[in-house]
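What follows is one structure encoded as C-alpha coordinates, with my remarks underneath.
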Amino acid sequence: MDPAAIFLILAIPIASVYLLFYHKKRVNGLSSPPGPRGLPFIGHFYQIYKSECAHEYISNLSKQYGSLMTLHLGSVPALVVSSPKMAQEVLKTQDLVFCSRAQMTGSGKLSYNGLEMAFAPYGEHWRNVRKMCTLELFTQKRAQFNFRPVREDEVSRMVGRLSEAAAASEDVNAYECFTNFATSIISRVAFGKRYDEDNLGKEKFQRMVADIEAMFAAFFVSDFFPMFGWIDRLSGVKAVLDRNFNEMDTFYQELIDEHLKPDRPESLNGDLIDVMLKNKGSFLTMDSIKAILLNVFSGGIGTTGSALVFAMTALLRNQRVMKKAQEEVRSVIGKKEIVDEDDIQKLPYLRAVVKETLRLYPPGPLLIPRVAMESCVLGEDEDHMYMIKPNTIVYVNTWGIGRDPKYWKNPLEFMPERFFERPDLNYTGQQFEYLPFGSGRRICAGIIIGQNNVEVGLANLLYSFDWEPPTGKTFEDIDDQPCNGLTLAKKNPLYIRPKIYVHP
(Lines of atoms letter the chains of each structure in order from A; the text may use other names.)
(Lines give C-alpha, C1' and ligand atoms only; values in the text may rest on other atoms or scores of the structure.)
Protein backbone atom coordinates (compact mmCIF):
# COMPACT_ATOMS: atom_id res chain seq x y z
CA MET A 1 0.00 0.00 0.00
CA ASP A 2 1.13 3.56 -0.71
CA PRO A 3 2.96 4.84 2.42
CA ALA A 4 1.45 8.29 1.97
CA ALA A 5 -2.08 6.87 1.98
CA ILE A 6 -1.38 4.88 5.17
CA PHE A 7 -0.02 7.98 6.84
CA LEU A 8 -2.96 10.20 5.87
CA ILE A 9 -5.42 7.72 7.38
CA LEU A 10 -3.53 7.70 10.68
CA ALA A 11 -2.75 11.42 10.81
CA ILE A 12 -6.30 12.80 10.84
CA PRO A 13 -6.99 12.25 14.58
CA ILE A 14 -3.55 13.55 15.53
CA ALA A 15 -4.11 16.65 13.40
CA SER A 16 -7.32 17.37 15.32
CA VAL A 17 -5.47 17.31 18.66
CA TYR A 18 -2.57 19.33 17.25
CA LEU A 19 -4.96 22.10 16.18
CA LEU A 20 -5.89 22.71 19.80
CA PHE A 21 -2.34 23.52 20.85
CA TYR A 22 -0.68 25.03 17.77
CA HIS A 23 0.18 28.72 17.76
CA LYS A 24 2.21 30.40 15.05
CA LYS A 25 5.29 32.12 16.45
CA ARG A 26 7.24 35.13 15.27
CA VAL A 27 11.03 35.11 15.56
CA ASN A 28 12.85 38.36 16.45
CA GLY A 29 9.80 40.32 15.36
CA LEU A 30 9.86 38.82 11.86
CA SER A 31 7.46 36.22 10.58
CA SER A 32 7.97 33.50 8.01
CA PRO A 33 7.09 34.31 4.38
CA PRO A 34 3.40 34.01 3.50
CA GLY A 35 1.89 30.80 2.20
CA PRO A 36 -1.36 28.92 1.77
CA ARG A 37 -3.22 27.65 4.79
CA GLY A 38 -2.20 24.09 5.54
CA LEU A 39 -3.80 21.33 7.53
CA PRO A 40 -2.81 20.98 11.19
CA PHE A 41 0.17 18.68 11.72
CA ILE A 42 0.08 17.56 8.07
CA GLY A 43 0.78 21.02 6.68
CA HIS A 44 0.64 21.19 2.88
CA PHE A 45 1.70 17.62 2.36
CA TYR A 46 -1.76 16.42 1.32
CA GLN A 47 -2.27 19.15 -1.31
CA ILE A 48 1.11 18.46 -2.90
CA TYR A 49 0.68 14.70 -2.69
CA LYS A 50 -2.66 14.74 -4.51
CA SER A 51 -1.50 17.21 -7.20
CA GLU A 52 -0.91 15.73 -10.63
CA CYS A 53 2.40 17.57 -11.03
CA ALA A 54 4.00 18.94 -7.87
CA HIS A 55 6.24 21.58 -9.44
CA GLU A 56 3.34 23.01 -11.48
CA TYR A 57 1.14 23.09 -8.38
CA ILE A 58 3.84 24.82 -6.32
CA SER A 59 4.60 27.26 -9.14
CA ASN A 60 0.93 28.23 -9.42
CA LEU A 61 0.75 28.79 -5.65
CA SER A 62 3.77 31.10 -5.82
CA LYS A 63 1.90 33.35 -8.28
CA GLN A 64 -0.57 34.03 -5.49
CA TYR A 65 1.78 34.23 -2.50
CA GLY A 66 4.85 35.85 -4.00
CA SER A 67 8.54 35.30 -4.60
CA LEU A 68 9.07 33.87 -1.10
CA MET A 69 6.44 31.34 -0.06
CA THR A 70 6.29 29.14 3.01
CA LEU A 71 5.06 25.56 2.91
CA HIS A 72 4.96 23.03 5.72
CA LEU A 73 5.71 19.45 4.75
CA GLY A 74 4.71 17.74 7.95
CA SER A 75 7.31 18.71 10.55
CA VAL A 76 9.64 20.20 7.93
CA PRO A 77 9.42 23.92 7.01
CA ALA A 78 9.95 24.65 3.33
CA LEU A 79 10.66 27.84 1.39
CA VAL A 80 9.86 28.27 -2.31
CA VAL A 81 11.92 30.95 -4.09
CA SER A 82 10.29 32.28 -7.27
CA SER A 83 12.07 35.43 -8.45
CA PRO A 84 15.53 36.10 -9.91
CA LYS A 85 16.30 38.59 -7.12
CA MET A 86 15.52 36.10 -4.36
CA ALA A 87 17.24 33.28 -6.26
CA GLN A 88 20.38 35.43 -6.39
CA GLU A 89 20.10 36.08 -2.66
CA VAL A 90 19.85 32.35 -1.88
CA LEU A 91 22.28 30.99 -4.49
CA LYS A 92 24.92 33.73 -4.45
CA THR A 93 24.69 36.44 -1.77
CA GLN A 94 23.88 34.01 1.07
CA ASP A 95 25.09 30.89 -0.70
CA LEU A 96 27.09 29.77 2.31
CA VAL A 97 23.93 29.72 4.45
CA PHE A 98 21.97 27.69 1.89
CA CYS A 99 24.60 25.44 0.31
CA SER A 100 23.90 22.27 2.27
CA ARG A 101 21.44 19.48 1.54
CA ALA A 102 18.65 17.99 3.61
CA GLN A 103 19.40 14.42 4.61
CA MET A 104 16.54 12.42 3.12
CA THR A 105 16.04 8.68 3.39
CA GLY A 106 16.27 7.78 -0.30
CA SER A 107 19.14 10.03 -1.34
CA GLY A 108 20.98 9.34 1.91
CA LYS A 109 20.96 5.59 1.41
CA LEU A 110 21.81 5.66 -2.30
CA SER A 111 24.61 8.21 -1.84
CA TYR A 112 26.30 6.11 0.87
CA ASN A 113 25.27 8.70 3.47
CA GLY A 114 26.29 11.68 1.39
CA LEU A 115 29.72 10.66 0.10
CA GLU A 116 29.25 12.20 -3.36
CA MET A 117 28.54 15.70 -4.70
CA ALA A 118 24.87 16.20 -5.46
CA PHE A 119 23.27 15.14 -2.16
CA ALA A 120 26.16 15.45 0.30
CA PRO A 121 25.87 17.95 3.16
CA TYR A 122 28.18 20.93 2.90
CA GLY A 123 31.52 20.34 4.60
CA GLU A 124 35.11 19.28 4.13
CA HIS A 125 34.26 15.96 2.47
CA TRP A 126 32.00 17.65 -0.08
CA ARG A 127 34.68 20.26 -0.83
CA ASN A 128 37.31 17.56 -1.40
CA VAL A 129 35.04 15.52 -3.68
CA ARG A 130 33.96 18.60 -5.61
CA LYS A 131 37.58 19.66 -6.10
CA MET A 132 38.58 16.20 -7.32
CA CYS A 133 35.65 16.05 -9.75
CA THR A 134 36.32 19.55 -11.06
CA LEU A 135 40.07 19.02 -11.54
CA GLU A 136 40.09 15.35 -12.57
CA LEU A 137 36.76 14.01 -13.85
CA PHE A 138 34.84 16.80 -15.60
CA THR A 139 37.62 18.91 -17.08
CA GLN A 140 37.66 20.45 -20.55
CA LYS A 141 40.58 18.16 -21.41
CA ARG A 142 38.67 15.04 -20.40
CA ALA A 143 35.61 16.25 -22.29
CA GLN A 144 37.82 16.58 -25.38
CA PHE A 145 39.84 13.37 -25.18
CA ASN A 146 37.46 10.97 -23.40
CA PHE A 147 33.91 12.08 -24.04
CA ARG A 148 34.23 13.45 -27.56
CA PRO A 149 35.35 10.31 -29.46
CA VAL A 150 32.85 8.19 -27.53
CA ARG A 151 30.06 10.68 -28.18
CA GLU A 152 30.77 10.81 -31.91
CA ASP A 153 30.81 7.02 -32.12
CA GLU A 154 27.51 6.80 -30.25
CA VAL A 155 25.98 9.47 -32.48
CA SER A 156 26.86 7.32 -35.51
CA ARG A 157 25.27 4.30 -33.85
CA MET A 158 22.10 6.25 -32.99
CA VAL A 159 21.82 7.58 -36.54
CA GLY A 160 22.25 4.03 -37.82
CA ARG A 161 19.46 2.68 -35.61
CA LEU A 162 17.14 5.51 -36.60
CA SER A 163 17.94 4.92 -40.28
CA GLU A 164 16.85 1.31 -39.86
CA ALA A 165 13.59 2.47 -38.27
CA ALA A 166 13.07 4.95 -41.10
CA ALA A 167 13.63 2.26 -43.74
CA ALA A 168 11.03 0.08 -42.02
CA SER A 169 8.60 3.02 -41.55
CA GLU A 170 8.57 2.39 -37.80
CA ASP A 171 7.62 4.72 -34.98
CA VAL A 172 10.38 5.31 -32.43
CA ASN A 173 10.05 5.75 -28.68
CA ALA A 174 12.09 8.93 -28.33
CA TYR A 175 12.98 8.51 -24.66
CA GLU A 176 14.24 4.96 -25.15
CA CYS A 177 16.29 6.03 -28.16
CA PHE A 178 17.85 9.04 -26.45
CA THR A 179 18.53 7.32 -23.14
CA ASN A 180 20.22 4.47 -25.04
CA PHE A 181 22.45 7.13 -26.57
CA ALA A 182 23.21 8.73 -23.19
CA THR A 183 23.64 5.39 -21.42
CA SER A 184 26.22 4.19 -23.90
CA ILE A 185 28.23 7.40 -23.59
CA ILE A 186 28.21 7.38 -19.80
CA SER A 187 28.94 3.66 -19.42
CA ARG A 188 31.89 3.77 -21.83
CA VAL A 189 33.43 6.88 -20.28
CA ALA A 190 32.73 5.88 -16.68
CA PHE A 191 33.82 2.25 -16.71
CA GLY A 192 35.07 1.45 -20.19
CA LYS A 193 32.30 -0.91 -21.19
CA ARG A 194 29.50 -0.69 -23.71
CA TYR A 195 26.19 -2.52 -23.40
CA ASP A 196 24.64 -3.45 -26.74
CA GLU A 197 20.92 -2.84 -27.10
CA ASP A 198 20.06 -6.54 -27.34
CA ASN A 199 22.32 -7.46 -24.44
CA LEU A 200 20.61 -8.59 -21.25
CA GLY A 201 23.27 -6.74 -19.25
CA LYS A 202 22.17 -3.41 -20.65
CA GLU A 203 18.53 -4.09 -19.84
CA LYS A 204 19.55 -4.86 -16.26
CA PHE A 205 21.70 -1.74 -16.09
CA GLN A 206 18.97 0.56 -17.42
CA ARG A 207 16.39 -0.98 -15.09
CA MET A 208 18.74 -0.40 -12.17
CA VAL A 209 19.19 3.26 -13.13
CA ALA A 210 15.40 3.67 -13.52
CA ASP A 211 14.82 2.07 -10.11
CA ILE A 212 17.36 4.42 -8.53
CA GLU A 213 15.66 7.47 -10.06
CA ALA A 214 12.33 6.21 -8.73
CA MET A 215 13.80 5.94 -5.23
CA PHE A 216 15.07 9.52 -5.38
CA ALA A 217 11.51 10.65 -6.12
CA ALA A 218 9.85 8.20 -3.71
CA PHE A 219 8.01 9.45 -0.62
CA PHE A 220 9.33 8.30 2.74
CA VAL A 221 7.11 9.11 5.70
CA SER A 222 10.15 9.27 8.01
CA ASP A 223 11.51 12.32 6.14
CA PHE A 224 8.55 14.51 7.09
CA PHE A 225 6.86 12.71 9.99
CA PRO A 226 9.62 10.95 11.99
CA MET A 227 7.23 9.49 14.56
CA PHE A 228 5.53 7.57 11.75
CA GLY A 229 8.73 6.23 10.23
CA TRP A 230 7.58 2.66 10.82
CA ILE A 231 5.10 3.14 7.96
CA ASP A 232 8.03 2.99 5.53
CA ARG A 233 8.65 -0.59 6.65
CA LEU A 234 4.97 -1.51 6.75
CA SER A 235 4.35 -0.24 3.21
CA GLY A 236 7.42 -2.01 1.83
CA VAL A 237 9.08 1.12 0.42
CA LYS A 238 12.05 0.72 2.79
CA ALA A 239 12.57 -2.86 1.59
CA VAL A 240 12.47 -1.69 -2.03
CA LEU A 241 15.09 0.96 -1.24
CA ASP A 242 17.35 -1.59 0.46
CA ARG A 243 16.99 -4.02 -2.44
CA ASN A 244 17.81 -1.34 -5.02
CA PHE A 245 20.79 -0.17 -2.99
CA ASN A 246 22.18 -3.69 -2.65
CA GLU A 247 21.79 -4.32 -6.37
CA MET A 248 23.52 -1.02 -7.15
CA ASP A 249 26.32 -1.67 -4.65
CA THR A 250 26.99 -5.12 -6.10
CA PHE A 251 27.08 -3.68 -9.62
CA TYR A 252 29.57 -0.96 -8.65
CA GLN A 253 31.75 -3.42 -6.72
CA GLU A 254 31.96 -5.75 -9.72
CA LEU A 255 33.08 -2.83 -11.90
CA ILE A 256 35.72 -1.77 -9.39
CA ASP A 257 36.97 -5.35 -8.98
CA GLU A 258 37.41 -5.59 -12.76
CA HIS A 259 39.48 -2.40 -12.73
CA LEU A 260 41.67 -3.72 -9.91
CA LYS A 261 42.71 -6.84 -11.83
CA PRO A 262 46.47 -6.58 -12.51
CA ASP A 263 46.15 -8.05 -16.00
CA ARG A 264 43.39 -5.64 -17.10
CA PRO A 265 44.48 -3.58 -20.14
CA GLU A 266 44.18 0.12 -19.35
CA SER A 267 42.79 2.51 -21.92
CA LEU A 268 44.98 5.34 -23.20
CA ASN A 269 43.37 8.10 -21.10
CA GLY A 270 41.73 5.92 -18.45
CA ASP A 271 38.02 5.82 -17.67
CA LEU A 272 36.50 7.55 -14.65
CA ILE A 273 36.93 4.56 -12.35
CA ASP A 274 40.64 4.41 -13.27
CA VAL A 275 41.00 8.09 -12.38
CA MET A 276 39.23 7.72 -9.04
CA LEU A 277 41.20 4.62 -8.05
CA LYS A 278 44.42 6.56 -8.65
CA ASN A 279 43.11 9.31 -6.35
CA LYS A 280 41.88 6.91 -3.68
CA GLY A 281 43.01 8.10 -0.27
CA SER A 282 41.86 9.66 2.97
CA PHE A 283 38.62 11.18 1.69
CA LEU A 284 38.08 9.06 -1.42
CA THR A 285 37.12 5.62 -0.16
CA MET A 286 35.57 2.73 -2.08
CA ASP A 287 32.14 3.89 -0.93
CA SER A 288 32.95 7.43 -2.11
CA ILE A 289 33.87 6.09 -5.54
CA LYS A 290 30.59 4.21 -5.74
CA ALA A 291 28.67 7.30 -4.62
CA ILE A 292 30.32 9.45 -7.30
CA LEU A 293 29.42 6.82 -9.91
CA LEU A 294 25.83 7.31 -8.78
CA ASN A 295 26.16 11.02 -9.62
CA VAL A 296 27.60 10.25 -13.03
CA PHE A 297 24.86 7.78 -13.94
CA SER A 298 21.84 9.54 -12.46
CA GLY A 299 22.98 12.97 -13.62
CA GLY A 300 24.18 12.00 -17.07
CA ILE A 301 21.55 9.62 -18.41
CA GLY A 302 18.04 10.74 -17.49
CA THR A 303 18.74 14.46 -17.87
CA THR A 304 20.24 14.08 -21.36
CA GLY A 305 17.43 11.77 -22.46
CA SER A 306 14.71 14.08 -21.14
CA ALA A 307 16.33 17.23 -22.57
CA LEU A 308 16.41 15.66 -26.04
CA VAL A 309 12.81 14.45 -25.66
CA PHE A 310 11.57 17.92 -24.73
CA ALA A 311 13.65 19.54 -27.48
CA MET A 312 12.08 17.26 -30.09
CA THR A 313 8.64 17.74 -28.52
CA ALA A 314 8.97 21.52 -28.76
CA LEU A 315 10.26 21.38 -32.34
CA LEU A 316 7.49 19.05 -33.50
CA ARG A 317 4.93 21.39 -31.93
CA ASN A 318 6.61 24.41 -33.58
CA GLN A 319 7.29 23.57 -37.19
CA ARG A 320 8.61 27.07 -37.97
CA VAL A 321 11.42 26.59 -35.50
CA MET A 322 12.03 23.02 -36.67
CA LYS A 323 12.47 24.08 -40.29
CA LYS A 324 14.69 27.03 -39.37
CA ALA A 325 16.96 24.83 -37.23
CA GLN A 326 17.17 22.15 -39.94
CA GLU A 327 17.97 24.72 -42.61
CA GLU A 328 20.80 26.11 -40.50
CA VAL A 329 22.45 22.80 -39.69
CA ARG A 330 22.12 21.45 -43.25
CA SER A 331 23.34 24.59 -44.99
CA VAL A 332 26.30 25.11 -42.65
CA ILE A 333 27.45 21.49 -42.42
CA GLY A 334 26.98 20.47 -46.05
CA LYS A 335 27.65 16.79 -46.71
CA LYS A 336 29.16 14.95 -43.75
CA GLU A 337 28.54 11.66 -42.03
CA ILE A 338 27.80 13.29 -38.65
CA VAL A 339 27.81 16.72 -37.03
CA ASP A 340 30.68 16.99 -34.54
CA GLU A 341 31.57 19.38 -31.71
CA ASP A 342 33.58 21.70 -33.96
CA ASP A 343 30.49 22.18 -36.11
CA ILE A 344 28.32 23.17 -33.15
CA GLN A 345 30.19 26.47 -32.77
CA LYS A 346 28.89 27.43 -36.24
CA LEU A 347 25.24 26.75 -35.35
CA PRO A 348 23.97 29.65 -33.19
CA TYR A 349 20.30 28.94 -33.85
CA LEU A 350 20.66 25.27 -32.89
CA ARG A 351 22.34 26.34 -29.64
CA ALA A 352 19.53 28.82 -29.00
CA VAL A 353 17.01 25.99 -29.49
CA VAL A 354 18.75 24.04 -26.72
CA LYS A 355 18.77 27.09 -24.44
CA GLU A 356 15.08 27.70 -25.07
CA THR A 357 14.31 24.05 -24.36
CA LEU A 358 16.05 24.30 -20.99
CA ARG A 359 14.17 27.52 -20.19
CA LEU A 360 10.73 26.01 -20.76
CA TYR A 361 11.66 22.52 -19.57
CA PRO A 362 14.44 22.86 -16.96
CA PRO A 363 16.06 19.52 -15.99
CA GLY A 364 15.39 20.26 -12.30
CA PRO A 365 12.15 22.27 -12.12
CA LEU A 366 12.77 23.01 -8.42
CA LEU A 367 16.52 22.27 -8.49
CA ILE A 368 17.85 19.81 -5.93
CA PRO A 369 16.54 21.26 -2.66
CA ARG A 370 18.95 23.05 -0.37
CA VAL A 371 18.69 23.50 3.38
CA ALA A 372 19.33 26.54 5.56
CA MET A 373 22.22 25.83 7.92
CA GLU A 374 21.37 28.77 10.18
CA SER A 375 18.69 31.42 10.59
CA CYS A 376 18.78 34.35 8.18
CA VAL A 377 16.64 37.16 6.81
CA LEU A 378 15.34 37.37 3.24
CA GLY A 379 13.08 39.85 1.48
CA GLU A 380 12.40 41.67 -1.77
CA ASP A 381 12.52 45.06 0.01
CA GLU A 382 12.67 46.60 3.50
CA ASP A 383 8.90 46.36 3.91
CA HIS A 384 8.84 42.65 3.14
CA MET A 385 11.58 41.01 5.19
CA TYR A 386 11.15 37.51 6.59
CA MET A 387 12.93 35.21 9.01
CA ILE A 388 14.11 31.88 7.59
CA LYS A 389 14.65 29.28 10.30
CA PRO A 390 17.49 26.75 10.42
CA ASN A 391 16.81 23.43 8.68
CA THR A 392 14.28 24.99 6.31
CA ILE A 393 14.29 23.15 2.98
CA VAL A 394 14.65 25.59 0.08
CA TYR A 395 13.25 24.98 -3.41
CA VAL A 396 14.31 27.34 -6.21
CA ASN A 397 11.38 27.48 -8.61
CA THR A 398 13.24 27.48 -11.94
CA TRP A 399 10.08 26.19 -13.62
CA GLY A 400 8.11 29.25 -12.55
CA ILE A 401 10.91 31.78 -13.04
CA GLY A 402 11.49 30.56 -16.60
CA ARG A 403 7.80 31.03 -17.43
CA ASP A 404 7.17 34.33 -15.65
CA PRO A 405 6.00 37.15 -17.98
CA LYS A 406 7.76 39.69 -15.74
CA TYR A 407 11.09 38.35 -17.02
CA TRP A 408 10.23 36.75 -20.38
CA LYS A 409 8.19 38.12 -23.28
CA ASN A 410 5.49 35.63 -24.33
CA PRO A 411 6.99 33.09 -21.92
CA LEU A 412 4.96 30.08 -23.06
CA GLU A 413 5.97 30.55 -26.70
CA PHE A 414 8.91 28.46 -27.90
CA MET A 415 11.06 31.24 -29.36
CA PRO A 416 14.83 30.57 -29.54
CA GLU A 417 15.38 34.03 -31.06
CA ARG A 418 15.00 35.57 -27.60
CA PHE A 419 18.53 34.37 -26.77
CA PHE A 420 20.01 36.47 -29.59
CA GLU A 421 18.61 39.51 -27.79
CA ARG A 422 20.20 38.31 -24.52
CA PRO A 423 23.58 36.75 -25.34
CA ASP A 424 24.51 37.07 -21.65
CA LEU A 425 22.07 34.28 -20.79
CA ASN A 426 24.15 31.13 -20.52
CA TYR A 427 24.60 28.07 -18.31
CA THR A 428 26.99 29.56 -15.74
CA GLY A 429 24.30 30.58 -13.26
CA GLN A 430 25.15 34.29 -13.22
CA GLN A 431 21.83 35.50 -14.69
CA PHE A 432 19.22 34.40 -12.19
CA GLU A 433 16.22 34.43 -14.49
CA TYR A 434 17.89 31.51 -16.29
CA LEU A 435 19.19 28.70 -14.07
CA PRO A 436 18.89 25.35 -15.89
CA PHE A 437 21.95 23.96 -14.06
CA GLY A 438 21.67 25.92 -10.82
CA SER A 439 24.19 28.42 -9.47
CA GLY A 440 26.72 29.02 -6.73
CA ARG A 441 28.72 26.35 -4.93
CA ARG A 442 26.17 23.68 -5.87
CA ILE A 443 26.02 24.39 -9.59
CA CYS A 444 26.11 21.22 -11.70
CA ALA A 445 29.71 20.04 -12.15
CA GLY A 446 29.00 18.33 -15.48
CA ILE A 447 27.59 21.28 -17.43
CA ILE A 448 30.08 21.07 -20.31
CA ILE A 449 29.52 17.35 -20.81
CA GLY A 450 25.74 17.59 -20.58
CA GLN A 451 25.62 20.58 -22.92
CA ASN A 452 27.77 18.81 -25.52
CA ASN A 453 25.71 15.61 -25.35
CA VAL A 454 22.45 17.47 -25.98
CA GLU A 455 23.75 19.89 -28.63
CA VAL A 456 25.60 17.26 -30.67
CA GLY A 457 22.76 14.75 -30.30
CA LEU A 458 20.08 17.22 -31.39
CA ALA A 459 22.15 18.59 -34.28
CA ASN A 460 22.47 15.10 -35.76
CA LEU A 461 18.77 14.36 -35.32
CA LEU A 462 17.95 17.48 -37.34
CA TYR A 463 20.75 16.99 -39.87
CA SER A 464 20.06 13.39 -40.87
CA PHE A 465 16.28 13.13 -40.61
CA ASP A 466 12.97 14.78 -41.23
CA TRP A 467 10.41 13.99 -38.56
CA GLU A 468 6.75 13.05 -38.62
CA PRO A 469 4.23 12.34 -35.85
CA PRO A 470 3.52 8.68 -35.11
CA THR A 471 0.98 6.67 -37.08
CA GLY A 472 -2.53 8.06 -36.75
CA LYS A 473 -1.43 11.28 -35.02
CA THR A 474 -0.86 14.87 -36.07
CA PHE A 475 1.63 17.44 -34.81
CA GLU A 476 -1.22 19.04 -32.85
CA ASP A 477 -1.71 15.77 -30.93
CA ILE A 478 1.78 15.97 -29.40
CA ASP A 479 1.63 17.23 -25.80
CA ASP A 480 4.33 18.52 -23.49
CA GLN A 481 2.76 17.56 -20.15
CA PRO A 482 5.43 16.80 -17.51
CA CYS A 483 5.15 14.38 -14.61
CA ASN A 484 6.38 14.29 -11.03
CA GLY A 485 10.02 13.59 -10.30
CA LEU A 486 13.30 15.09 -9.17
CA THR A 487 14.31 15.32 -12.85
CA LEU A 488 11.78 16.67 -15.35
CA ALA A 489 10.26 13.95 -17.53
CA LYS A 490 7.43 13.78 -20.03
CA LYS A 491 4.21 12.23 -18.72
CA ASN A 492 3.16 10.64 -22.01
CA PRO A 493 5.87 8.92 -24.09
CA LEU A 494 6.89 10.73 -27.26
CA TYR A 495 6.69 8.54 -30.34
CA ILE A 496 8.09 9.94 -33.58
CA ARG A 497 8.75 8.65 -37.08
CA PRO A 498 12.09 9.45 -38.77
CA LYS A 499 12.47 9.92 -42.51
CA ILE A 500 15.97 9.85 -43.95
CA TYR A 501 16.95 13.21 -45.39
CA VAL A 502 18.79 12.94 -48.70
CA HIS A 503 21.32 15.75 -48.95
CA PRO A 504 21.35 17.35 -52.42
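Note: Cβ is positioned from N, Cα and C throughout, glycine not excepted.
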Correct range for region 'Substrate specificity' (source Swiss-Prot, candidates 39-44, 93-98, 99-104, 363-368): 363-368
Other parts of the chain folded back onto the region 'Substrate specificity' (363-368), taken as Cβ under 8 Å at six or more residues beyond its ends: 55, 58-59, 80, 101, 118-119, 303, 306-307, 395-399, 435-438, 442, 482, 486-488
Residues near GLY299 (site 'Substrate specificity') in space but at least six apart in sequence (CB under 8 A): ALA118, CYS444, GLY446, GLY450
Residues near THR303 (site 'Substrate specificity') in space but at least six apart in sequence (CB under 8 A): PRO363, GLY450, THR487
Candidates ALA118, CYS444: member of the recorded positions with the richest Cβ shell (10 Å): CYS444
